[in-house]
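Quick look at what TrEMBL lists:
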{"type": "REPEAT", "residues": "86-119", "note": "repeat 'WD'"}
{"type": "REPEAT", "residues": "197-238", "note": "repeat 'WD'"}
Amino acid sequence: MCGDATNWDEEAYRESILREREIQTRTVFRTVWAPSFNPNPECVVVASSDGSIASYSISSCVSKHPIGFCSARAQRLLPAEPEGFLEGHDGPAYDVKFYGNGEDSLLLSCGDDGKIKGWRWKEFTESEVPITFQGNHMKPVLDLINPQDKGPWGALSPIPENNAIAVDPQGGSIFSAAGDSYAYCWDVEKGEIKMVFKGHTDYLHCILSRASSSQIITGSEDGTARIWDCKSGKCIKAIDPLKDKKLKGLISCVSCIALDASESWLACGSGQRLSVWNLTASECISSISNCASIQDVVFDNNQILAVGADPVLNRFDMNGMILSQIQCAPQSAFSVSLHPSGVTAIGGYGGLVDVISQFGSHLCTFRSHCV
């Protein structure tokens, strides 16, 4: 027997299909743990492809989602309700960082619109605006935008996107990796560019601050990672993880980089290879081949966590030995962040965030909020 179609709402049905498709294709590009005096993880902040910045309570997510993991179940998760929510960027938000610690810290984000925005974290967390009315309820205290090059007859080039940011609170600086192949150093107090780092031949994927040496490190689509002196703005060393011509045909970009706590060791993700460099000796000590492209890395003491274009959290030692592999919810992961307690947050395709304990068990899995 056929159903009654007299009350069928074609427009509502179409909107529901488009909404579901939007939810399924949203991507979390960055996760970061919020600063806290609590030794246990309290809050994770995520930057998503819809331009939003949202914070989530870990205890709330754990209580609402049973402990355990099933990739099929994760794909059916409904969006979790955030603690705080901002419509940060026109276009995807690619990175989020904290500038400073404690009550005066700023929540920073960057995105495809070429902007870097900053909000007071205390004001964000203490907002009394109901979550359904959040998004544009706070004005950023920092709103920076990349410069445009002038072409013939005074025509301006498109505003280059910001793919990543790094911070140096002691130096009062924010560094950005831009789509015009330049890295920019911004003065936080003045809101002005202090220095431009030129030398890459293609757009930048990633950037780190090496504050102990007054340096930054960038990774680019041109296949190199470069170390820059922040005083002169000059490149002092170019690192080519795929010097071998046989490897060059695999992939040419440096998509992610990480420094250890001593700032003496550098990990570079280049396609399906992860290389580890002793910066003091300027020497590559190991080159690791992975079954999928590596899209983010982070050091955990003398070990390296890596995620990429497969649903796996890899743990390597410094010599490239695989120590463990844990299945994670995103089918393709773009971010792994490590809390001091050892808990990791992994974000990626589908708007999914997977929180894994220091023992390898899944604490919770949730889908990020939809604008």
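Glycine is no exception: its Cβ is also placed from the backbone N, Cα and C atoms.
Across the repeat 'WD' (86-119), DSSP assigns 3 helix, 20 strand, 11 coil. Summed and averaged per residue, pLDDT over the repeat 'WD' (86-119) gives 94.
According to DSSP, the secondary structure content of the repeat 'WD' (197-238) in residues is 3 helix, 23 strand, 16 coil.
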